[in-house]
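Annotated in Swiss-Prot:
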COMPBIAS  766-775  compositional bias 'Low complexity'
CARBOHYD  69  N-linked glycosylation site
CARBOHYD  122  N-linked glycosylation site
CARBOHYD  160  N-linked glycosylation site
CARBOHYD  165  N-linked glycosylation site
CARBOHYD  274  N-linked glycosylation site
MOD_RES   433  phosphothreonine
MOD_RES   604  phosphothreonine
MOD_RES   609  phosphothreonine
REGION    766-786  region 'Disordered'
């Protein structure tokens, strides 16, 4: 009885000891993996972290590797997809990681039982995807193989064993999403290659590239050339693989079917919902560094955060910094590289290689290098300082010469002479520096352009004292045009009238002369009357009439009240500016002329704008004060009709001057037909008729029949108060019209020549002295000088 109990006790003890040994072996193997968590191996295949064998050795369930004993051999399996693992590679800086697995082969007509295999790879809800490094390979005859369940495109190739012509067999048809085929021809990139070393060309073997987009669900379909699925006939196989198949490696489909598997490369990303894991690695986020790698050698690894290409989950892509190697996903996985041991030739033979964390340095005799560096640095410093001082001196000297040259070329000496002759009459204007105006206009930016005039471009500027100004930068002019520029400065210096744009100063030290005017905020009259997009209903009749009075007052002052009568010579709606209260100001005196009291006309080259030029001035070559009156009459016609100075008659499609069209309509008593519709309802008919009659007098073909600007101004003021008392009668001098028919036809003809002219004919002007109304004129005190 005791002997039997003793035997039983020994048996139980032996079993317990055996179980303890087996458990210890398993625990040792498991703890060995867990101690490194990423340094495990299974069947000779390295399993780097975040993959791992056993609980605690992998990051998440998706990265779990099962090490199974298959036919007496340890084989790693990726448990989330139940696929045998061939190798695992960590992602680099510009690529994803890869896991090579054994994937089942799709077959048709190969099984003795008549059953075909068509497995579908489903990687949904995992960090894995089929990468474009793989190819679709088909082996067999008279079939088409294609991919199923993929996004965007349909990919496939055709098998044909009956083709004997080599030129026909080099083309592999691919299929797009519409079912149409296009050919892709393999090029022999290596000279001397044997034909059997080239890729599958469709004769018993074909292959096609996968789309670049990652795929998580993918299948393979085999069908006959007529497009029907088949389960009979010769054996045909198709599979995805990252291996290169050539004619020399071609295997019969039956042998491939017997293998059952092909090697497939799966891409993977470091997908984790727990960002604290990446934080625990103490890696630097790449966006915080200026370069691909960090210059801080104490940083062992660098990570990128981005959105997953296969899901809406953020993933991390990490790598060891320069000077380190290892697994960045393992805690303290990046270890220093000892460059001095790996390659002692990093340093010269005379130097000593010293390794440190993240790098190395070469230590040698520094005395000679320091002396050479100090001497070179001092010499370079002296040389650079000398060159800088010399350059500064030369630039300053050259700028002084340029300013002096520009001042002389831009008429500075001539302007000084003109202003000196008017000493005591003209107050000095401010002389602006080029730097001031460049700062005010942001270096004459295109965004500051207000408009382009006949003599230059106008910019909006802001002075340092906060004043907004208009800066007129003249065009490049020759010496013959300098008189016009100087003329404008001298004339505007004499003018002190609230309806004339005020000149604030000028700059002559630039390549082209620059004038600075007061800024008029609401642009020109032409824009408000004629531009279609303006749709400006502020231009009611009362405002138009007031603008006409303002212009007439300014011209009356220029003709009568200035120290010397001034003829503008370019009166037009684009030269009439409107301030914030829509009060008119006359601008652009580039072609103006000042005449002495005893002169009756001014002889000059004809200039002006088509539609505004006095026909008598054109015929007689004499510019008088009545020529400005004629141009003002055209503006009155614009205010009444809303038409441009040159119009196209709708009935005849004939291009004529507005002045002629207006006179004909008035003669035929059709004022209501040509009146601007925007003022028809709010205007007083008797006022419009009175202004129209006045415009007719101003547009008379003979200058002697026109009123002077003093009379025009007085009449317009009377019309504003009591239009029924207007002294201008609605009558047309028939004799005058008959005498001027030929002349007016000539005027109409020249309209077709363009918007402006300069014709080589001499012409003069007359001068009338009269007292301007006190309401519009400030004392004529000297304003500007040089």
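Glycine too: its Cβ is placed from the backbone N, Cα and C atoms.
Remember, predicted model here, so these are calculated numbers, not experimental data.
Positions of Swiss-Prot features highlighted on the structure.
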residue	record	DSSP class
69	N-linked glycosylation site	strand
122	N-linked glycosylation site	strand
160	N-linked glycosylation site	coil
433	phosphothreonine	coil
609	phosphothreonine	strand
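Counting other Cβ atoms within 10 Å of each Cβ, the lowest count among the glycosylation sites 69, 160 belongs to 69. Between the candidate recorded positions, 122, 433, 609, the densest Cβ environment within 10 Å is the one around 609. Taking the C-alpha atom of residue 122 (N-linked glycosylation site) as reference, the shortest distance to any of the recorded positions 69, 160, 609 belongs to 69. On a Cα basis, residue 609 (phosphothreonine) lies 33 Å away from residue 433 (phosphothreonine). For the pair formed by residue 609 (phosphothreonine) and residue 69 (N-linked glycosylation site), distance between Cα atoms is given as 101 Å, rounded to the nearest Å.
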